[in-house]
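TrEMBL annotations:
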type    : residues                       : note
BINDING : ARG24, GLU81, LYS120, LYS447   : (6S)-5-formyl-5,6,7,8-tetrahydrofolate binding site
BINDING : ASN226, THR245, ILE247, THR250 : K(+) binding site
BINDING : 226-231, 245-251, 270-273      : GTP binding site
BINDING : SER230, THR251                 : Mg(2+) binding site
DOMAIN  : 216-371                        : domain 'TrmE-type G'
Amino acid sequence: MSAATDTIAAIASAPGAAGVGVLRVSGPRVPAIAQALLGRAPRPRHAHFASFHDAQGEPIDHGLLLHFPAPASYTGEHVLELQGHGSPVLLDALLRRICELGARLARPGEFTERAFLNGKLDLAQAEAVADLIAARSQAGARAALRSMDGVFSRRVDALLQSLITLRVHIEAAIDFPEEEIDFLADPAIAQQLESLRTQLAELLREAQRGLRLNDGLRVAIVGRPNAGKSSLLNALAGSDRAIVTAIAGTTRDVLRESVALDGIALELADTAGLRDTDDEVEREGVRRAHGELARADAALLVTDADHAEADLALFDALPAGAARVVLVNKIDLAHAAPHAETRDGIHWLWASAKTGAGLAALRDHLKQLAGAGSGEGAFSARRRHVLALETVREHLARTAHALATIRAGELAAEELRQAQHALGEITGAYTSDDLLGAIFGSFCIGK
Ligand code: GDP
Ligand code: ZN
């Protein structure tokens, strides 16, 4: 990939007044720009205190100037960082001055895109930079930091190496048709493939956990009208009122809350009461609730002792891997004590949204589902990574079938080639401009 020839600049700190504001510049014109601003060549990686002037020599601001020469910088290019007073007016004037000196305004994510194109980080690491900035929980931030440091990428690369080794073996066999059959029947090949599939399954599980740490566990709260869904949502959100954020696009029928429970993110959706109905408006609500269930990581069924068994049918709309939790609510009316048990893969809790009895156990269970205690090595992942790993799993299954059942070396090699491609898309070994545009376009300016 060719080096960029132009120089980009942006305000890297958040908009609005602040104590300090940061400007970032990257590209070949940085040494000249730094020299012009400082009046002499800056020392590499040294904080110079300087006065910044406009083209007429009028002072704009004074602050710090740091030069990180290529290639030992964030982008791999010459990078200049200016720290001034955090006034939007001053920062704009300074940015204008830098553009006069030969830079242009950076697009969102363009610094990180250059870092990727210059091999400073791979695509999954670049995505983790954005996820770190956007993290809504401490566990999510820690996981994103690990992905940015390459924990996830190294796992992907290791798998990629094993995959390539196996593919080379099989392709070598194809080149010697008289030995191909024997070779493909070799148990060592089957063993290699099995081990690959085991590794992949483990990585997929961890990536799914990483996705939940990143995006938050998506919990659909369902149940018939008046079961206590809204009360429960308020009780869960209320315990962390300060970090509850309203989510844009809230519909009349699905109310969403983003909640962090002890540093673990949850996306709660309170759906309209689910029941079969002839009413046009209610039917729409039910349709949306079903849609909510179909994309949930977990369903929380709010019900009572009389209706619990009948209401279990609501779980039918859930995807296979989703967690199922039943909350038997209003135990205060029955003067019952809170307790919990797991039956047939469904976690049952008896509680009261009104008195709060049993809700601590519910919070603990949700935190567990969301990846709490997922360990020191947990990394963040995105939905596209999980989808890519699922694609790899499909191709490996077909590889196994080709080898075991029909002994078709060509077919197996082709499946492995496609698996390799899907895996390579995670770290950016194979990319399209569309993919890069979508990924970096969603970054903030100045990153
Ligand atoms: P939704 O229609 O499922 O959202 O139900 P709401 O949260 O609006 O609650 C329906 C009614 O049940 C309200 O009057 C609540 O105050 C009441 N309610 C909810 N949870 C409890 C509970 O645990 N105990 C008692 N006694 N009443 C509850
Ligand atoms: Zn409600």
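Each residue, glycine too, has its Cβ placed from N, Cα and C.
Annotated features taken from TrEMBL, shown on the structure.
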residue	record	Cβ contacts under 8 Å, 6 or more apart
ARG24	(6S)-5-formyl-5,6,7,8-tetrahydrofolate binding site	ALA9, ALA10, ILE11, ALA12, VAL79, LEU80, GLU81, LEU82, ALA106, PHE111, GLY446
LYS120	(6S)-5-formyl-5,6,7,8-tetrahydrofolate binding site	TYR74, THR75, GLY76
SER230	Mg(2+) binding site	LEU255, ASP270
LYS447	(6S)-5-formyl-5,6,7,8-tetrahydrofolate binding site	ALA12, PRO108, GLY109, PHE111, THR112, VAL129, ALA130, ILE133
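The binding residues for (6S)-5-formyl-5,6,7,8-tetrahydrofolate are recorded as ARG24, GLU81, LYS120, LYS447; their greatest pairwise CA distance is 18 Å. In the vicinity of ligand 1, defined as a Cβ distance under 6 Å, none of the binding-site residues ARG24, GLU81, LYS120, LYS447 are placed. Cβ atoms within 8 Å of the centroid of the Cβ atoms of ARG24, GLU81, LYS120, LYS447 (the (6S)-5-formyl-5,6,7,8-tetrahydrofolate site) belong to the same-chain residues ALA12, SER26, SER73, TYR74, THR75, VAL79, PHE111, THR112, ALA115, GLY446, site residues excluded. Mean pLDDT for the domain 'TrmE-type G' (216-371) in this predicted model: 81. Each of the binding-site residues GLU81, ASN226, LYS229 was scored by the number of other CB atoms within 10 A of its CB, and the lowest score belongs to ASN226.
According to DSSP, LYS229 (GTP binding site) sits within a helical segment. A Cβ distance below 6 Å to any atom of ligand 2 is met, among the binding-site residues GLU81, LYS120, ASN226, LYS229, SER230, LYS447, by LYS229, SER230. When secondary structure is read from DSSP and collapsed to three states, ARG24 ((6S)-5-formyl-5,6,7,8-tetrahydrofolate binding site) falls in the strand class.
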